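Contents: one structure, followed by commentary.
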Amino acid sequence: DVFEQPQHVGHKKIEFHITTDIPAVLQMNSEKEEKNDLYATTEEINNTGFGRIFPAPSSNDKMETEEEEDEIPSEFISRRDLEKNRLSREEMEKFSVFKNYEAGDPNCRIYVKNLAKQVQEKDLKFIFGRYVDFQSEVERNMFDIRLMKEGRMKGQAFIGLPNEKAAAKALKEVNGYVLFEKPMVVQFARSARPKQDANEGKRKK
(Lines of atoms letter the chains of each structure in order from A; the text may use other names.)
(Lines give C-alpha, C1' and ligand atoms only; values in the text may rest on other atoms or scores of the structure.)
Protein backbone atom coordinates (compact mmCIF):
# COMPACT_ATOMS: atom_id res chain seq x y z
CA ASP A 1 0.00 0.00 0.00
CA VAL A 2 2.71 2.46 0.91
CA PHE A 3 4.43 2.04 -2.45
CA GLU A 4 1.31 2.12 -4.58
CA GLN A 5 -0.17 5.29 -3.14
CA PRO A 6 2.67 7.76 -3.92
CA GLN A 7 2.89 6.45 -7.50
CA HIS A 8 -0.75 7.32 -8.19
CA VAL A 9 -0.42 10.74 -6.60
CA GLY A 10 2.82 11.35 -8.43
CA HIS A 11 1.32 10.64 -11.85
CA LYS A 12 -1.63 12.91 -11.23
CA LYS A 13 0.61 15.78 -10.17
CA ILE A 14 2.77 15.42 -13.26
CA GLU A 15 -0.18 15.61 -15.60
CA PHE A 16 -1.89 18.60 -14.06
CA HIS A 17 0.98 20.76 -12.84
CA ILE A 18 3.64 20.36 -15.54
CA THR A 19 3.20 23.93 -16.78
CA THR A 20 3.52 25.60 -13.35
CA ASP A 21 6.81 26.64 -11.79
CA ILE A 22 8.74 23.83 -10.16
CA PRO A 23 8.84 25.44 -6.67
CA ALA A 24 5.03 25.71 -6.62
CA VAL A 25 4.71 22.04 -7.54
CA LEU A 26 7.11 21.05 -4.81
CA GLN A 27 5.28 23.14 -2.20
CA MET A 28 1.94 21.59 -3.10
CA ASN A 29 3.43 18.11 -2.95
CA SER A 30 5.10 18.63 0.40
CA GLU A 31 1.89 19.99 1.91
CA LYS A 32 -0.27 17.15 0.62
CA GLU A 33 2.13 14.29 1.13
CA GLU A 34 3.35 15.35 4.62
CA LYS A 35 7.06 14.60 4.14
CA ASN A 36 6.46 10.83 3.88
CA ASP A 37 6.81 10.62 0.09
CA LEU A 38 10.30 11.88 -0.57
CA TYR A 39 10.78 9.29 -3.32
CA ALA A 40 7.63 10.41 -5.09
CA THR A 41 8.65 14.07 -5.08
CA THR A 42 12.12 13.30 -6.43
CA GLU A 43 10.51 11.25 -9.21
CA GLU A 44 8.28 14.18 -9.95
CA ILE A 45 11.15 16.63 -10.14
CA ASN A 46 12.85 14.35 -12.65
CA ASN A 47 9.70 13.96 -14.67
CA THR A 48 8.97 17.69 -14.84
CA GLY A 49 12.57 18.14 -15.90
CA PHE A 50 12.16 15.71 -18.77
CA GLY A 51 8.83 17.27 -19.62
CA ARG A 52 10.55 20.57 -20.09
CA ILE A 53 13.26 19.12 -22.29
CA PHE A 54 10.88 17.53 -24.81
CA PRO A 55 8.92 20.59 -26.04
CA ALA A 56 12.09 22.51 -26.94
CA PRO A 57 13.16 20.48 -30.02
CA SER A 58 9.61 20.24 -31.32
CA SER A 59 9.27 24.04 -31.30
CA ASN A 60 12.56 24.30 -33.21
CA ASP A 61 11.25 21.89 -35.82
CA LYS A 62 8.18 24.04 -36.25
CA MET A 63 10.31 27.12 -36.74
CA GLU A 64 12.41 25.39 -39.39
CA THR A 65 9.38 24.26 -41.37
CA GLU A 66 7.89 27.74 -41.17
CA GLU A 67 11.11 29.23 -42.49
CA GLU A 68 11.08 26.84 -45.41
CA GLU A 69 7.48 27.71 -46.19
CA ASP A 70 8.34 31.43 -46.13
CA GLU A 71 11.19 30.89 -48.54
CA ILE A 72 9.08 28.82 -50.94
CA PRO A 73 5.67 30.26 -51.72
CA SER A 74 3.45 27.37 -52.80
CA GLU A 75 1.98 29.14 -55.86
CA PHE A 76 5.43 29.77 -57.40
CA ILE A 77 8.41 27.62 -58.26
CA SER A 78 10.91 26.89 -55.49
CA ARG A 79 14.57 27.77 -55.75
CA ARG A 80 15.36 24.08 -55.35
CA ASP A 81 13.30 23.16 -58.41
CA LEU A 82 14.84 25.99 -60.42
CA GLU A 83 18.34 24.76 -59.64
CA LYS A 84 17.44 21.12 -60.20
CA ASN A 85 16.09 21.70 -63.73
CA ARG A 86 18.61 24.31 -64.85
CA LEU A 87 21.49 23.53 -67.20
CA SER A 88 25.02 24.00 -65.94
CA ARG A 89 27.33 26.39 -67.77
CA GLU A 90 29.06 23.44 -69.46
CA GLU A 91 25.73 22.03 -70.65
CA MET A 92 24.63 25.42 -71.97
CA GLU A 93 27.71 25.58 -74.18
CA LYS A 94 26.46 22.48 -76.04
CA PHE A 95 23.26 24.25 -77.13
CA SER A 96 23.41 26.54 -80.16
CA VAL A 97 20.81 28.88 -78.60
CA PHE A 98 23.39 29.88 -75.95
CA LYS A 99 26.13 30.56 -78.51
CA ASN A 100 27.29 34.19 -78.28
CA TYR A 101 24.95 34.65 -75.30
CA GLU A 102 24.98 38.10 -73.75
CA ALA A 103 22.81 39.15 -70.83
CA GLY A 104 22.48 42.72 -72.15
CA ASP A 105 22.14 45.99 -70.25
CA PRO A 106 20.36 45.63 -66.88
CA ASN A 107 16.81 46.96 -66.73
CA CYS A 108 13.52 45.83 -65.22
CA ARG A 109 12.27 44.06 -68.36
CA ILE A 110 13.35 40.56 -69.29
CA TYR A 111 13.38 38.92 -72.69
CA VAL A 112 12.91 35.14 -72.87
CA LYS A 113 13.35 33.02 -76.00
CA ASN A 114 13.52 29.36 -77.03
CA LEU A 115 10.17 28.63 -75.35
CA ALA A 116 8.36 25.39 -76.16
CA LYS A 117 5.06 25.52 -78.08
CA GLN A 118 3.00 24.41 -75.08
CA VAL A 119 4.29 27.15 -72.74
CA GLN A 120 1.49 29.37 -71.46
CA GLU A 121 1.43 32.62 -69.50
CA LYS A 122 0.60 30.74 -66.29
CA ASP A 123 3.86 28.74 -66.67
CA LEU A 124 5.86 31.95 -66.88
CA LYS A 125 3.94 33.45 -63.96
CA PHE A 126 4.73 30.31 -61.93
CA ILE A 127 8.46 30.84 -62.57
CA PHE A 128 8.86 34.64 -62.57
CA GLY A 129 6.17 35.34 -59.97
CA ARG A 130 8.63 34.40 -57.23
CA TYR A 131 10.50 37.68 -57.93
CA VAL A 132 7.43 39.82 -57.25
CA ASP A 133 5.95 40.83 -53.89
CA PHE A 134 2.24 40.32 -54.56
CA GLN A 135 1.32 42.03 -51.29
CA SER A 136 2.59 45.30 -52.77
CA GLU A 137 0.11 46.83 -55.23
CA VAL A 138 2.91 48.71 -57.02
CA GLU A 139 4.90 45.50 -57.64
CA ARG A 140 1.75 43.62 -58.67
CA ASN A 141 0.98 46.27 -61.29
CA MET A 142 4.57 46.30 -62.57
CA PHE A 143 4.53 42.53 -63.16
CA ASP A 144 3.64 41.98 -66.79
CA ILE A 145 3.93 38.96 -69.09
CA ARG A 146 3.74 39.19 -72.89
CA LEU A 147 3.99 35.76 -74.45
CA MET A 148 4.21 35.66 -78.24
CA LYS A 149 2.38 32.71 -79.78
CA GLU A 150 2.21 33.63 -83.45
CA GLY A 151 4.39 34.87 -86.27
CA ARG A 152 8.09 35.61 -86.12
CA MET A 153 8.09 36.25 -82.36
CA LYS A 154 6.66 32.80 -81.55
CA GLY A 155 8.37 31.11 -78.61
CA GLN A 156 9.46 34.42 -77.10
CA ALA A 157 8.21 36.47 -74.18
CA PHE A 158 8.75 39.79 -72.46
CA ILE A 159 8.40 39.94 -68.69
CA GLY A 160 8.16 43.20 -66.78
CA LEU A 161 9.47 42.96 -63.21
CA PRO A 162 9.19 45.54 -60.39
CA ASN A 163 12.83 46.66 -60.53
CA GLU A 164 16.28 46.02 -61.96
CA LYS A 165 17.36 44.01 -58.90
CA ALA A 166 14.47 41.55 -59.29
CA ALA A 167 15.16 41.27 -63.03
CA ALA A 168 18.87 40.58 -62.44
CA LYS A 169 18.04 37.87 -59.88
CA ALA A 170 15.49 36.29 -62.24
CA LEU A 171 17.96 36.30 -65.14
CA LYS A 172 20.67 34.68 -63.01
CA GLU A 173 18.40 31.95 -61.61
CA VAL A 174 16.17 31.18 -64.61
CA ASN A 175 18.56 31.34 -67.57
CA GLY A 176 19.03 27.74 -68.78
CA TYR A 177 15.98 26.44 -66.90
CA VAL A 178 14.47 23.55 -68.88
CA LEU A 179 10.74 24.05 -69.41
CA PHE A 180 8.89 21.39 -71.45
CA GLU A 181 12.27 19.89 -72.43
CA LYS A 182 13.59 23.20 -73.88
CA PRO A 183 16.11 25.40 -72.07
CA MET A 184 14.96 29.00 -71.65
CA VAL A 185 17.32 31.72 -72.84
CA VAL A 186 16.87 34.72 -70.55
CA GLN A 187 18.30 38.17 -71.28
CA PHE A 188 17.58 41.76 -70.35
CA ALA A 189 15.14 43.22 -72.88
CA ARG A 190 16.66 45.84 -75.15
CA SER A 191 15.13 49.26 -74.72
CA ALA A 192 14.04 51.18 -77.80
CA ARG A 193 16.45 54.05 -77.18
CA PRO A 194 19.66 52.63 -78.70
CA LYS A 195 17.83 51.94 -81.99
CA GLN A 196 16.68 55.58 -82.19
CA ASP A 197 20.24 56.76 -81.62
CA ALA A 198 21.45 54.51 -84.42
CA ASN A 199 18.80 55.90 -86.80
CA GLU A 200 19.78 59.47 -85.92
CA GLY A 201 23.41 58.62 -86.59
CA LYS A 202 22.49 57.33 -90.06
CA ARG A 203 20.51 60.46 -90.82
CA LYS A 204 23.43 62.71 -89.91
CA LYS A 205 25.69 60.85 -92.34
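The backbone N, Cα and C atoms fix where each Cβ goes, and this holds for glycine too.
Unlike curated records, TrEMBL annotations are generated automatically.
As recorded in TrEMBL, the features of this protein are as follows:
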REGION    49-73  region 'Disordered'
COMPBIAS  64-73  compositional bias 'Acidic residues'
DOMAIN    108-191  domain 'RRM'
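The predicted model assigns the domain 'RRM' (108-191) a mean pLDDT of 95.
Across the domain 'RRM' (108-191), DSSP helix (H, G, I), strand (E, B) and coil residues number 31 helix, 24 strand, 29 coil.
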